[in-house]
C-alpha cells in the first residue's frame, strides 16, 4: 500500500496541553473538510489494540510523559492517512511533531508524500492549560496534575523549539487559545481561508 502520486495537504496543530487543539480540530473537520489525526489518540488506540507489537512501549512513554519513537508515530499517521481514501481535502495533524527527532523523522519518512501548508499554533498561559486539563475529566491517565506538569515541561523544552523552527520559515499562524472556542475558531478559519482552503459544501 502506498500514497501513489497523490501528495496530501497537511496542517500541523501545535500548542501546550489544554490549549484547545482537539476542540478546534473537530470544528475544522466539521466545517472545512480536513480529517483530524491526533498523534496522541492514534498512539493510545494502538496501545489498546490486541496483539500490538508497540503497545507496551507506548504505555511506558505515555505514563512518563515522554515522547514515543518517531518511526512508530509516522507509521500510525501514514496508515491513518491511507485509510482515509482519496477524496480528503487534507489532514490536521495534532500534537506532532513534538520534538526535533519527530521533525527529522517526519522529513525523512513523509516529506515527499505530503505538503505541509502551515503550522496552526494555539498559544495559552501555562496556568490556564493546567486548569483546563484538570477540569476536562476525559478519563485520560495522563490528566492528573503531576503528569500534566511533566507534559508541559516536555512541551516547553522540546516542542516549543519546533514552533520557532517553523516561525523562521514564516509558516506559523499563532492564535490566542485562551479566548472562547468560537472566537478562536473565527481566527482559525481566517488562517485556512488565507491559505486557500474554503468551507466545504
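Any Cβ shown, glycine's included, is placed from N, Cα and C.
Over in TrEMBL, the protein carries these features:
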BINDING   18, 19, 20, 21, 22, 23, 136, 179  ATP binding site
REGION    38-68  region 'NMPbind'
BINDING   44, 66, 67, 68, 95, 96, 97, 98, 140, 151  ribonucleoside 5'-phosphate binding site
BINDING   102  CMP binding site
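Where TrEMBL records a feature, it is marked here on the structure.
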residue: 18; record: ATP binding site; Cβ contacts under 8 Å, 6 or more apart: 124, 128, 129, 130, 131, 132, 133, 136, 148
residue: 19; record: ATP binding site; Cβ contacts under 8 Å, 6 or more apart: 122, 123, 124, 129, 177
residue: 21; record: ATP binding site; Cβ contacts under 8 Å, 6 or more apart: 13, 14, 15, 38, 94, 95, 122
residue: 22; record: ATP binding site; Cβ contacts under 8 Å, 6 or more apart: 38, 94
residue: 23; record: ATP binding site; Cβ contacts under 8 Å, 6 or more apart: 181
residue: 67; record: ribonucleoside 5'-phosphate binding site; Cβ contacts under 8 Å, 6 or more apart: 61, 98, 99, 101, 102, 154, 158
residue: 97; record: ribonucleoside 5'-phosphate binding site; Cβ contacts under 8 Å, 6 or more apart: 12, 70, 103, 105, 106, 159, 162
residue: 179; record: ATP binding site; Cβ contacts under 8 Å, 6 or more apart: none
Hey, what's the Cβ neighbour count for residue 95 (ribonucleoside 5'-phosphate binding site) at 10 Å?
24
Which secondary structure state does DSSP assign to residue 22 (ATP binding site), in the simple three-class scheme?
helix
Fewest other C-beta atoms within 10 angstroms, as judged across 44, 136, which are the binding-site residues:
136
With helix taken as DSSP H, G or I, strand as E or B and everything else coil, how many residues of the region 'NMPbind' (38-68) land in each class?
20 helix, 1 strand, 10 coil
Between residue 20 (ATP binding site) and residue 44 (ribonucleoside 5'-phosphate binding site), the C-alpha gap once rounded to whole angstrom:
19
Would you report the average pLDDT that the model assigns to the region 'NMPbind' (38-68)?
90
When the number of other CB atoms within 10 A of each residue's CB is tallied over all shown chains, which of the binding-site residues 20, 102 has the maximum?
20
